[in-house]
């Protein structure tokens with residue numbers, strides 16, 4: 001019965017009142033169409049001729065919110081024309097004002113999506129360079145603030161205070177506070193990453209046990225794509241507290257390895273092989289000549305250890321690997337031309353108590369070649 005009484009005012013609406021309310025709504029609906037078709041296009045053209053890109057972006061951002069606002073305005077005035085009870089008019093008035101706040105927030109939310117474009121224009125005019133992470137990160141912060149301020153304004157319009165709601169939640173408020181603590185920790189971690197700029201989007205980094213390419217950074221975390229194509233999400237607070245190695249900002253890529261020469265190699269051949277390897281590295285244009293190093297570093301029970309170090313002038317993984325491969329092939333070619341054998345550690349296998357010797361593969365190949373030559377003679 002209470003619900004029926006609440007709608008008794010509907011009986012007081014005459015056909016004339018309903019028709020006028022419908023006409024009001026239709027007029028505003030037509031106005032909405034005309035606004036979209038003519039006024040916005042005309043305004044965009046005028047601003048386009050004036051070359052004000054920021055103003056044009058602002059108008060585009062508010063185009064759909066204004067269309068929605070005009071449709072709601074038509075519905076509001078149509079309802080206000082009807083003989084509604086005072087309580088209903090008050091509710092519809094609050095809903096209408098809430099819609100105005102929502103449309104303003106909607107427009108600014110869309111406008112924040114275009115900040116990258118605006119910052120790019122600003123950078124071109126003022127000859128400034130913005131970090132690729134800074135703009136998306138602050139755009140997300142602005143979006144978050146727009147949502148919070150819009151929600152707070154609408155709740156305040158209806159008589160609710162955000163602080164009072166959280167306080168009234170009790171244990172739930174404690175959970176919200178704890179969640180906010182982690183969120184703020186990650187947010188400040190993100191701000192540290194932004195201000196110190198240890199990397200940008202697309203950079204390959206190493207932090208702890210994680211190696212990969214940075215794809216995105218938001219309030220809570222940074223997304224890193226590993227070489228295995230797995231997407232790893234790292235909390236900003238964790239990333240900000242660890243050492244970060246940015247391999248994309250390396251000017252040169254270091255390559256270092258050991259070459260173990262057979263222990264029965266004459267000293268003259270060892271020194272000549274070292275000189276030839278040095279000369280080969282120094283004549284390559286894709287290496288940093290000042291950093292090339294080839295040294296006889298150590299005696300071992302299996303042979304003489306040569307340490308080879310060189311830096312490629314590129315940090316691209318594929319190109320650096322190609323250069324290292326070419327250097328390795330050239331070193332093998334030098335050793336083979338000088339008849340310098342690589343040392344392969346020997347193993348002893350017991351067969352019924354008798355040791356069997358496994359030969360050096362290079363020596364085996366040489367022995368086989370000598371046997372073939374003897375047979376041919």
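The backbone N, Cα and C atoms fix where each Cβ goes, glycine too.
Nobody curates TrEMBL annotations by hand; they come from automatic prediction.
If you look up TrEMBL, you'll see 13-31, 66-82, 94-112, 133-154, 160-180 marked as transmembrane segment. Taken from TrEMBL, the feature domain 'Mechanosensitive ion channel transmembrane helices 2/3' applies to 140-181. What TrEMBL records for 182-249 is domain 'Mechanosensitive ion channel MscS'. Marked as domain 'Mechanosensitive ion channel MscS C-terminal' by TrEMBL: 257-341. The region 'Disordered' annotation in TrEMBL covers 353-377. Taken from TrEMBL, the feature compositional bias 'Basic and acidic residues' applies to 356-371.
Summed and averaged per residue, pLDDT over the domain 'Mechanosensitive ion channel MscS' (182-249) gives 85. Helix first, then strand, then coil: DSSP counts for the domain 'Mechanosensitive ion channel MscS' (182-249) stand at 23 helix, 24 strand, 21 coil. Across the domain 'Mechanosensitive ion channel MscS C-terminal' (257-341), DSSP helix (H, G, I), strand (E, B) and coil residues number 40 helix, 24 strand, 21 coil.
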